Amino acid sequence: MEPNTMASFDDEHRHSSFSAKICKVCGDEVKDDDNGQTFVACHVCVYPVCKPCYEYERSNGNKCCPQCNTLYKRHKGSPKIAGDEENNGPDDSDDELNIKYRQDGSSIHQNFAYGSENGDYNSKQQWRPNGRAFSSTGSVLGKDFEAERDGYTDAEWKERVDKWKARQEKRGLVTKGEQTNEDKEDDEEEYLDAEARQPLWRKVPISSSKISPYRIVIVLRLVILVFFFRFRILTPAKDAYPLWLISVICEIWFALSWILDQFPKWFPINRETYLDRLSMRFERDGEKNKLAPVDVFVSTVDPLKEPPIITANTILSILAVDYPVNKVSCYVSDDGASMLLFDTLSETSEFARRWVPFCKKYNVEPRAPEFYFSEKIDYLKDKVQTTFVKDRRAMKREYEEFKVRINALVAKAQKKPEEGWVMQDGTPWPGNNTRDHPGMIQVYLGKEGAFDIDGNELPRLVYVSREKRPGYAHHKKAGAMNAMVRVSAVLTNAPFMLNLDCDHYINNSKAIRESMCFLMDPQLGKKLCYVQFPQRFDGIDLNDRYANRNIVFFDINMRGLDGIQGPVYVGTGCVFNRPALYGYEPPVSEKRKKMTCDCWPSWICCCCGGGNRNHKSDSSKKKSGIKSLFSKLKKKTKKKSDDKTMSSYSRKRSSTEAIFDLEDIEEGLEGYDELEKSSLMSQKNFEKRFGMSPVFIASTLMENGGLPEATNTSSLIKEAIHVISCGYEEKTEWGKEIGWIYGSVTEDILTGFRMHCRGWKSVYCMPKRPAFKGSAPINLSDRLHQVLRWALGSVEIFFSRHCPLWYAWGGKLKILERLAYINTIVYPFTSIPLLAYCTIPAVCLLTGKFIIPTINNFASIWFLALFLSIIATAILELRWSGVSINDLWRNEQFWVIGGVSAHLFAVFQGLLKVLFGVDTNFTVTSKGASDEADEFGDLYLFKWTTLLIPPTTLIILNMVGVVAGVSDAINNGYGSWGPLFGKLFFAFWVIVHLYPFLKGLMGRQNRTPTIVVLWSILLASIFSLVWVRIDPFLPKQTGPLLKQCGVDC
């Protein structure tokens, strides 16, 4: 390449790459060098890196550019390192011997690590067994501490800074000697800057000593399965051909199901966050707090099944979260238009004025009072304030009084007056008819509401009940969530949204900060659609009889997905990036232009990359033209007197304002091609996509969220009521392309799937203290109905256009991520082969036949190898995940119980809905409040449901088969015990897996309920007829019949 061509290219690329002047490593501004020019670390790819990061990479890193891996050359003023060329510029070593750190942050720091978009930071760190990350020089990176020196005593702070200075002196980066007070303050500031520039999180891969054997065994198991099926297919049981054929089909299905479940767990990872660095980077003393605002959504439907006291505790934990109060807003969706919930929020907002300052003063955890006061721990541990005991007793008494008031509201709501509910001011309650009522919004607390008892502001609390009218589809929970998205966009428009169920309280007050470590990361955050937290539960029996904790899914499957494209969305405990829900695609990574080495001829450069230069240049010019168009539109404001807008809506320009005049956008599209027109969209396209609300459309164009300054919240209520009207979503893309996607009762799977198909990534965050905790149905019938609803949602997705088997192939969804989504929608269909396979042992015992013919010693090796590989896979999976063997076994048992009951019914209900349009009613899972008198009373409570029939039948059938098989062996001699062993083992395998179900039927009294006894008698009568037909007690005659022999003789 010719010199002048290279120079022009460098100038052009430098100008385009450094227009923002943001370091791609630490996110800070790239400052100018001594000559007043923008500092360029790498002259090959011009990857933007600031001087401190450049110097640290040369001294402590791999000395190469993070993007093109070109060896960094020494710049004037930078310290020399081993390997620098002698003729690399003027020698300024005299200036390097006495380097001092500057206030502007241009010095290097000890433990800095550069990051890439996948979170792999190239730092000299070692992973220790206790889970903390230590640098090679011994500084603790993972220890949580407050952002500034306020969290330390003077002695502790001085000791910490002295240690940091000693490390710097040891490396020769600072001079020794006496320092003034001003120098010491500079050192402290530099130390904070150095820590703040560290990455906010890091990826911790599973140790190779644990994951490598696991992967090897998976491959071996796959090979063994191939040989096993080769043997099974080539050696049929000729005397029991139908049984053999059914068993082989079932086994092949199980193998495919195992592949779909196993391979998405190929790349499991862990992640750890650094909350101290988040605070130091975005919460500096004397500066405005730069943490991003968050809108929290809480959804509820029926206050009788979802107790108001549980919902109130969830709201209180949100209001008391450890986050700036002016950056938190809580929206409660009441889809049942219940006056009970409305009154509960009024009482909750009043109690929050005392509860929130108590939590923050004494730093209590958890911040849901019901669960805080019921914890059986030493609550005085680590408490040093002398007033704590007195204040705690007073707060507990106030909470008990608050609880009594809520109970009084619940008791009053049990009997509805004939004329309907009446509000305190005497006006009728608008939601007396739950299926025909207007939209309702009530704002509590916040900047314009009541302050706490200390005079401090509280987070905003908003009650939302969307409009419902006959003839309009409301789309259940998905429709309620979309309504909250629009209301929050009009009132607060936070860039991030936390979704919680009404029974999931915040157990870790720093949970939102944990998610911000990912979402506010300068590299990864732009491409994240959500941060998913695991679900943890209270009130589950120690044995976890029905696998309510779902540990295998949350601690194994989800961590495996985190290493691919991210975990699936599970419906609660998830922090969303608002643009991802609006249907936008993630930003595309900047790719450097390809260049050839100087040793190649120039014509090769032209052939390889030169021809695209003009095209790229034209594209960049048009992009800059588009940006200039937007920049001009940002400066324009226009007042409209349209009835749909608010008369008092302020359009003052601010740093966060990006309100566009949609008519100007349409006029400004002249001269651009169709692709660019579609990217900007005209006013009609905006309205078709988002609906007829100029205020909401304007909010979608604000890159960093927020509202214009001096906006009156009360004046926005009218527009908020408009966006939750029942007809707002008609002829829009809500529920189809944007927001929560409609079409299934498990809207969470569909919503996460669509975002991943667009190329978004997600992150799985597992803090040491669980972020959220909820309640789970420990009763057998309730648990089966919950699993039925999940399975029915998967079946609905399977028969929809969004089925992962055929949707969005060739898109941005990774293949292993697609396998995981396929597994989530096909698993209910496993119930059919599972039911058949669990029936085969009893049939074999009753008929005396078996699915496997007599085999030799060589053939038995494949059976033995298969069993050993299954056991080895389970053991190695437990080894890297930390899951207990009891959790794994309970998961296996409930896989069979749910498979032959709830999943089976879900398949037939789904088929009825698709083929005949028979819709099933959505049943809300009951969230019972805790009862100290009987903590696990629901565990032994029996509730009859048709879901209990198939498992009960299987248990009785296999028990009868065992009795018949043993009787047959005794009657025909002990020579039959050999073949009988395989049949008995098969039958006991079924019975052992169904044992928790059997205990659930017995209840507390260890006796079977009457209705189950009646069903058992009926089934026993049927099997008795079969028994008589088989006649197992009579000896089997192998010779000629006596009657026929007498005739012949």
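Glycine too: its Cβ is placed from the backbone N, Cα and C atoms.
The topological domain 'Cytoplasmic' annotation in Swiss-Prot covers 1-215 (among others).
Per Swiss-Prot, the feature zinc finger maps to 23-69. Across the zinc finger (23-69), the prediction's mean pLDDT works out to 76.
If you look up Swiss-Prot, you'll see 261-831 (among others) marked as topological domain 'Cytoplasmic', on the strength of sequence analysis.
Secondary structure at K305 (UDP-alpha-D-glucose binding site), taken from DSSP and collapsed to helix, strand or coil, is coil. Residues or ranges marked as UDP-alpha-D-glucose binding site by Swiss-Prot: S299, K305, E306, D335, K476.
As annotated by Swiss-Prot, coiled coil applies to 389-416, with the evidence given as sequence analysis.
Taken from Swiss-Prot, the feature topological domain 'Extracellular' applies to 853-857 (among others). Across the range of the topological domain 'Extracellular' (853-857), the DSSP-based residue counts are 1 helix, 0 strand, 4 coil.
Secondary structure counts, DSSP: the topological domain 'Cytoplasmic' (879-895) has 14 helix, 0 strand, 3 coil. Taken from Swiss-Prot, the feature topological domain 'Cytoplasmic' applies to 879-895 (among others).
Sequence annotations record features per position, and here Swiss-Prot assigns topological domain 'Extracellular' to 917-945 (among others) based on sequence analysis.
Under the heading topological domain 'Cytoplasmic', Swiss-Prot lists 967-977 (among others).
Positions annotated as topological domain 'Extracellular' by Swiss-Prot, on the basis of sequence analysis: 999-1007 (among others).
Feature annotation from Swiss-Prot assigns topological domain 'Cytoplasmic' to 1029-1049 (among others); the stated evidence is sequence analysis.
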Between K305, K476, which of the binding-site residues has the fewest other CB atoms within 10 angstroms in the structure shown?
K305
How would DSSP class K476 (UDP-alpha-D-glucose binding site) in three states?
helix
Mind giving me a neighbour count for E306 (UDP-alpha-D-glucose binding site)? Other Cβ atoms within 10 Å of its Cβ, every protein chain shown.
25
Does DSSP put D335 (UDP-alpha-D-glucose binding site) in a helix, in a strand, or in coil?
coil
Listed UDP-alpha-D-glucose-binding residues S299, K305, E306, D335, K476 - what's their greatest C-alpha to C-alpha distance in Å?
16
Once the DSSP letters are reduced so that anything not helix or strand counts as coil, what is S299 (UDP-alpha-D-glucose binding site)?
strand
Can you tell me how the residues of the zinc finger (23-69) break down into helix, strand and coil by DSSP?
10 helix, 4 strand, 33 coil
